[in-house]
C-alpha cells in the first residue's frame with residue numbers, strides 16, 4: 001500500500017461537448033450539484049451557459065466520524081437547447097485507497113444505478129470490453145488518484161444528475177488528517193458548495209481550511225470554518241459573482257486549485273476506543289513520548305539507468321535528509337550498481353563531522369554498471385544486524401532500512417523469489433524495510449511485497465520536478481520513531497476478525513488503527529492493553545470503555561452513519577486481505593481472494609476484485625459502462641480504446657423489445673408490495689399501471705414464469721386480521737420461492753429466514769445476516785434487515801424487501817415486497833402476473849374526467865383491444881425506502897386487473913411455491 005496516499009482527494013469536472021461537431025472538442029468544464037439558491041444574487045452580464053448547457057449546481061459533501069469518511073458528490077447539468085441534444089462528460093478523481101460504494105445517473109426521471117459484482121462475472125458479461133473496446137469509463141491513474149470519465153447525451157430541454165459515493169478511513173500523517181478537494185470548473189456554476197462535517201469523540205484540537213486559488217480577502221468572505229468540542233464544520237459556498245473575481249465580465253471561473261481541510265484531535269487521554277453495534281475501533285497515537293534514537297541505513301541504486309534528473313534529485317534529497325539526521329542517531333550509506341560499496345561499512349554516530357563527510361560522499365559518487373539489488377540490500381541488512389546485536393534489548397535504537405531503486409535486478413542474484421527469501425531470512429522481523437521505487441520502469445509489485453514481508457511499505461517516487469520533495473516527504477514520516485514492537489491486545493474470547501494489531505514501529509505524527517468484531521454476547525465494558533518498547537523503557541497501557549457511555553456519545557452525532565464502525569472494520573479488513581494476497585500463491589492466494597471478494601460484495605465496495613456496471617446505460621454497441629480499480633502499475637492518464645458515448649432514456653427511441661431503462665426513480669418501478677398492489681411501469685408511455693389481487697391467505701400466485709428457461713418466481717399470501725367487523729381481510733406476501741432449474745437453484749424467502757435449496761437441505765440465513773451466497777451463476781446478496789437482491793447470470797435481477805410491522809401498523813404480520821430490477825434478458829414468452837409485462841405494452845387513455853372521489857380522476861383506457869374504466873391513484877414503492885416508501889402515480893385497473901392481465905387472475909394460482 002502506498003504510504004503517501006493519505007487523507008481524501010477528489011477532482012471533478014463536467015466537460016461539455018457539442019454533438020454537432022465532427023471532432024469532440026471540449027467547450028468548457030463545469031461542476032454541478034443540488035445546492036441552495038443565492039438570495040439577492042445580482043443578474044450576471046455574461047453568458048453562463050456555453051453551448052446552451054448550464055452547470056446548475058455542485059455539492060461535495062464529506063461527513064467524517066472517527067476518521068471514517070463518507071463522501072457524496074452530486075452534480076447537475078441542464079441542456080437548455082430547444083431542439084438539440086448535447087454531450088456531457090463527467091470526470092471524477094478519487095484516492096486510490098478509497099472504495100466507491102455507489103454511483104447513479106439520473107435524467108428526466110430515469111435513474112441508472114451502479115451494480116457491484118465480482119469482476120470475473122462483470123467482464124464475462126461484457127466481453128467486448130476485454131477485446132480492447134472501452135466500455136465507457138476511462139480508467140486512468142495518477143500519483144495517488146484514480147480517475148473515471150463517462151460521456152452521456154442529454155436531450156433538448158433536459159437535465160442530468162450524477163451522484164458518486166465513496167468511503168475511506170483517513171490516515172494521520174505528520175500530525176494531521178487531510179481532506180483535499182481539487183476543483184477545476186472553468187465554467188461558472190450557479191450553486192457551488194463544499195460541505196465538510198466532522199465528528200471526533202476525542203474532541204477536535206485544530207481545524208483549518210485553505211484554498212490555493214483564493215486571496216485572503218476572498219477566503220475570509222467565502223470559507224466558513226468552526227469547531228467546538230467534538231464537532232467541526234467547513235463550508236465553502238461562493239456566489240456566481242465571487243466566482244468571477246477578479247474579472248466581473250468573464251464567463252469562466254477562477255475556481256482552479258486545491259481546497260484543503262486539515263484537522264487533528266485531542267490526545268489528552270491515552271485511549272481512543274470506539275464501540276458500536278458489536279464492532280470496535282481503536283485509535284492509538286499517544287503524546288508526550290520521547291523520540292527514540294535510530295540506526296539508519298540508506299541503500300541507493302547507482303546503476304546507469306539512474307543518470308540525469310534521477311541521480312541529481314536523489315543526491316539533493318539525501319543531502320537534505322542527512323542535514324536532518326538528529327544527534328544520537330547512527331547511520332551509513334550503501335551504494336549498489338554492478339558492485340556493492342558502503343561509505344563506512346558500519347554505523348557511525350551522527351556527529352556534525354560525520355554528517356558533513358557523508359554529504360561530501362553523496363556529492364562525489366558516480367553511476368556505474370548494472371543493478372545488484374540483492375547484494376546492496378544484504379549489505380545494508382548486515383550493517384544493521386551487527387549494530388543491533390551489540391545493544392541490550394531495552395537500550396537498542398530503532399533500526400530502519402531504506403532502499404531507493406529505479407530498475408529491476410540485473411546483476412548477482414536476479415530471481416525475485418530468491419531475493420525475497422534472502423531478504424526475509426536476513427532481517428528475520430528485526431526492523432522494517434522501506435522501498436522507494438523511482439519512476440514507472442520497474443516492478444513495483446516486487447518492491448511492495450518485499451516491504452510488506454518485512455514490516456514496511458513501498459512508495460513510488462514519480463519522475464517529476466518535485467521528486468526531491470517526494471523523497472523528503474517520505475523520510476519525514478519515519479524520521480521520529482517513538483515506540484517499537486507495538487502490540488495492541490484484546491480479550492481473546494470476546495473479539496473476532498481482528499485487523500493488524502502488531503506493528504514494528506510507531507512514528508511521531510502517525511496513528512495506529514485496529515478494528516475488530518465483538519462476539520455476540522453482551523459486554524458492559526471493553527478493554528484493550530498496549531505493550532511496546534520506548535526509549536530505554538517498556539511502554540504499557542490499558543484502555544477501558546463502557547459501552548453504555550459510548551452509546552450516549554454516539555447519540556451526539558447528528559449525521560453519524562448508522563454502521564460506520566462496522567464499515568471502518570470492513571474497509572481495513574479488505575485492504576489487509578488484498579495486501580496479504582499479493583505475497584501469496586496458489587491455494588493461499590485463492591482463499592484470501594475469496595474472503596476479500598465476499599466482503600467487497602457484502603459491503604458493496606468497488607475493489608480490485610469487483611466491478612461496478614451501470615445498468616441500463618448503453619452505447620451504440622449495447623455495452624454498459626464499468627468502474628474498476630486500476631492496478632498500481634498502470635500508467636497515468638492512459639485511455640483504453642475509443643471514447644464511447646452512452647445514451648440516456650430521455651434521448652432514446654421507444655424500445656421495440658425491452659426497455660433499456662433498468663433501474664428507475666420511484667415513479668418507474670415494476671413490482672408488487674403490501675396487500676398486494678401490483679405496479680407496472682410502461683416505459684413506452686412513461687407512465688405506470690396498477691391493480692390489486694384479492695385472494696385468500698395460503699393461495700400461491702405465479703409472479704414470473706419463463707418457459708424457455710424454467711425460471712420462476714411464486715408468492716404465497718398470508719392474512720391480516722381486519723380492524724373492524726365486515727371489513728375485507730388484507731393479504732400480503734409472506735413467502736416467496738425463486739427457482740432456476742438450469743442451475744438447480746431454489747431460494748425460499750420468508751420474513752424470518754432465507755433458505756438456499758430447501759429441498760436438499762441447503763444453508764439457512766437470517767435477515768440479521770449480511771451475506772452473498774452464490775450457486776452456479778445465481779448470486780444472492782442479503783442486506784441486513786433490509787432487502788435481498790437475486791442476480792441470475794445473463795438472466796434477470798430481482799429485489800425482495802423485508803417489511804417489519806410495528807404496533808399500530810395495518811399489517812399484523814411481517815411480510816415481503818417483490819421488485820423487478822432487470823428483466824431485459826428474460827424471454828419474450830415470459831408469463832406471470834408480473835412477467836407478462838416484461839414485453840412492450842401499448843395503451844391509450846381518453847375521456848379523462850372527475851371521478852366519484854373528488855380527489856381522483858376517472859378515464860377510459862384502450863389496452864389489448866379492450867376498453868376499460870380506470871382511475872388515477874397513488875400506490876407506494878418501497879424498493880428504495882422499506883420503512884416509508886415513495887408515492888407512485890398510476891392508472892388503477894379494477895376487478896383484479898381484469899382486461900389488463902391475460903386471462904383472469906385465478907389462472908395464476910399454482911399448487912406449490914416451486
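Glycine residues also receive a Cβ, built from the backbone N, Cα and C atoms like all the rest.
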Site from 591, 753 that Swiss-Prot describes as N-linked glycosylation site, others unannotated there: 591
Near residue 591 (N-linked glycosylation site) in space, meaning Cα within 10 angstroms, which of the recorded positions do we find among 288, 410, 675? none
On a C-alpha basis, identify the one among 62, 405, 410, 675 that is nearest to residue 288 (N-linked glycosylation site); the candidates are the recorded positions. 62
Confidence over the domain 'VWFA' (293-453), expressed as mean pLDDT on the 0 to 100 scale, is 93
Far apart in sequence but close in space: which same-chain residues, 6 or more away, have a Cβ under 8 Å from residue 405 (phosphothreonine)? 301, 371, 373, 435, 436, 437, 438, 442, 447
